[in-house]
Amino acid sequence: RARHAGPPDGGWGWMIVAGCFLVTICTRAVTRCISIFFVEFQAYFGQDYARTAWIHSIVDCAMMLCAPLGSLISNHVSCQVGIMLGGLLASTGLILSSFATSLEHLYLSLGVLTGLGFALCYSPAIAMVGKYFNKRKALAYGIAMSGSGIGTFILAPVVQLLIEQFSWRGALLILGGFVLNLCVCGALMRPISLKEDCKTAPELLEQNYVPETEKQDLKRMSICSPLIKLWPHECLCYCSWKEYDFLLMPGFMVLAVSILFMAYGCSPLFVYLVPYALSCGVSHHQAAFLMSILGVVDIIGNITFGWLTDTRCLKKHRYFCYLFAVGMDGLSCLFLPVLQSFPLLVPFSFTFGYFDGAYVTLIPVVTADAVGTPLLSSALGVVYFLHAIPYLVSPPVAGWLVDTTGSYTASFLLCGFSMIFSSALLCFARLTKKIKRTHLPSLTGNKALKQHIWTNGAIAYSVTAELDQRDVEFLAVDTNSFSNR
């Protein structure tokens, strides 16, 4: 395994992007297309909205709930092994689902088994992109995550055609064979070893690409543990020692809470867009085409937002770009109940699809900015784990509201307000942090100003470089004097 001083930002990294692109097609796109089976399952098994919606909820929940397991296998065994194993499990679940005789059977096979297989593939593949890219990280993620939109655009009409030609059982059987391509994706995930993954704390402080939030912990670690300098030949793996230390970071905790509301708001739309369109008198092919539109615009959102937020003017404001995208998706949901014809639903698919692709691209980027690249795999596992409960609960709750009220209005309004609250929570947290940062230097002097610079992330890299170097020299002198005692 070759060791690199930093992420190579190219080379085999583009093959990793291609592999992650295919993983998102086989996982997220296939999961979205399960909503096309919703009407078929409901008619075949004669169940209401709420019970049928549990199928989509369980597969989404299992995928996100087991995301830390995927990160664990990736970190301690191999990303290649984890993704190939996940492909086998997901394919087996879809094939077994084609023989289902009850909804409970589908809960286990299509929900639990397929969701578990997707979990072993999704977060490790995304984390690998973050290890290969730094300067062009958002663009790389935009291309990789666009697989979800492209897959939805292609698979939605194909799945509808398969259902018409081979029934829902034949369509699930064919999808099971298609998902086996995850094993090919796993073979592309060549592991990479970065010097930042295995360094002493003072050495990590000298690296420009190490996030400022990590540098704070490393400074404390160097002061409190002078033995690090006494073992110059030992390799201190910081990401093993601090694998889940980010859980106590206030910034990550706020992000985690906001993700719970965001995940609750976005999930029901992919389950109920097709049934809602059908209830408005839209034909089956037009309803499937709405999913295709959503998917192809999702691609545009992935790539354009990834490219735009990598530019110099917006790179410092990726956090607020994420907030804007989530908030716009929430506003789109609020207007959905008054859109009751195909010409009116098309603009909704455009708007919701674009901003869905935008914020999905920025989730790994915002997470990486918060916790750093070495902890990205573990952090993404936790982030996607947090999606599990909302994904499990929101579609059945939305279905219960439909069964109770006889319309989709309450369900869509709840989704919209949930996503808007997610965006507002993060915005309030950032404004509070800025207000504290503005008043703190006047109260505590230069020391507070220096702390402000450390916690400003990528925005202040060039400003703090000289300060960090002096800190490294001070720490080296301090630890040497301690060892001489």
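Each Cβ is built from the backbone N, Cα and C atoms, and glycine gets one as well.
Looking at the domain 'Major facilitator superfamily (MFS) profile' (12-434) alone, the prediction's average pLDDT is 79. The domain 'Major facilitator superfamily (MFS) profile' annotation in TrEMBL covers 12-434.
Within its own chain, the transmembrane segment (12-38) is flanked in space by residues 52-53, 55-56, 59-60, 63, 83, 87, 90, 110, 118, 121-122, 125-126, 128-129, 132-133, 140, 143-152, 154-156, 159-160, 163, 168, 171-172, 175, 178-179, 181-182, 184-186, 188-190, 270-275, 288, 291, 295, which lie at least six positions past its ends and keep a Cβ under 8 Å from the stretch. Taken from TrEMBL, the feature transmembrane segment applies to 12-38 (among others).
Residues 27, 31, 34-35, 37-38, 41, 81-82, 85-86, 103, 106-107, 110-112, 114-116, 118-124, 127, 263, 267, 270-271, 377-378, 380-389, 391-396, 398-399 of the same chain lie 6+ residues outside the transmembrane segment (53-74) yet bring a C-beta within less than 8 angstroms of a C-beta in it. Annotation comment: TrEMBL describes 53-74 (among others) as transmembrane segment.
Under the heading transmembrane segment, TrEMBL lists 81-100 (among others).
According to TrEMBL, the feature transmembrane segment maps to 106-127 (among others). With a cut-off of 8 Å between Cβ atoms, the residues of this chain six or more beyond the transmembrane segment (106-127) that come close are 19-20, 23-24, 26-28, 30-31, 34, 41, 54-55, 57-67, 69-71, 73-74, 79, 82-83, 85-94, 96-97, 100, 141, 144-145, 172, 179, 182, 185-186, 189, 364, 376-377, 380-381, 384.
For 139-163 (among others), the entry in TrEMBL reads transmembrane segment.
Per TrEMBL, the feature transmembrane segment maps to 169-189 (among others). Beyond the transmembrane segment (169-189), the same-chain residues lying 6 or more positions past its ends with a Cβ under 8 Å from any Cβ of the stretch are 15-16, 18-20, 22-23, 26-27, 30, 33, 37, 79-84, 86-88, 90-95, 97-100, 110, 114, 117, 121, 124-125, 128, 159, 162-163.
According to TrEMBL, the transmembrane segment annotation covers 252-275 (among others). Beyond its flanks by at least six residues, the transmembrane segment (252-275) meets 31-32, 35-36, 38-39, 49, 53, 56-57, 60, 64, 246, 287-288, 290-291, 294, 326, 329-330, 333, 336, 349, 352, 356, 359, 363, 366-367, 370-371, 379, 382-383, 386-387, 389-391, 393-395, 397-399, 402, 408, 411-412, 414-419, 421-423, 425-426, 429 of its own chain at Cβ-Cβ distances under 8 Å.
Among the features that TrEMBL reports, transmembrane segment is placed at 287-308 (among others). Within the same chain, residues 29, 32-33, 35-36, 138-143, 145-146, 148-157, 159-160, 273-274, 277-278, 314, 321, 325, 342, 345-346, 349-350, 352-358, 360-362 sit at least 6 positions outside the transmembrane segment (287-308) and bring their C-beta atoms closer than 8 Å to a C-beta of that stretch.
Annotation comment: TrEMBL describes 320-339 (among others) as transmembrane segment.
TrEMBL lists 345-368 (among others) with the feature transmembrane segment. Within the chain, the transmembrane segment (345-368) has long-range Cβ neighbours (under 8 A, six or more residues past its boundaries) at 126-127, 129-130, 137-138, 141-142, 145-146, 148-149, 211, 255, 259, 262, 266, 269, 273, 277, 280, 282, 290-291, 293-302, 304-306, 309, 318-319, 321-322, 325-326, 328-329, 332-333, 335-336, 339, 376, 379-380, 383.
As annotated by TrEMBL, transmembrane segment applies to 375-393 (among others). Packing against the transmembrane segment (375-393) from elsewhere in the chain are residues 57-58, 60-65, 67-72, 74-75, 119, 122-124, 126-127, 130-131, 214, 239, 242-247, 252, 255-256, 259-261, 263-264, 267, 363-364, 367-368: each is 6 or more residues past its ends and has a CB under 8 Å from a CB in it.
Marked as transmembrane segment by TrEMBL: 405-429 (among others).
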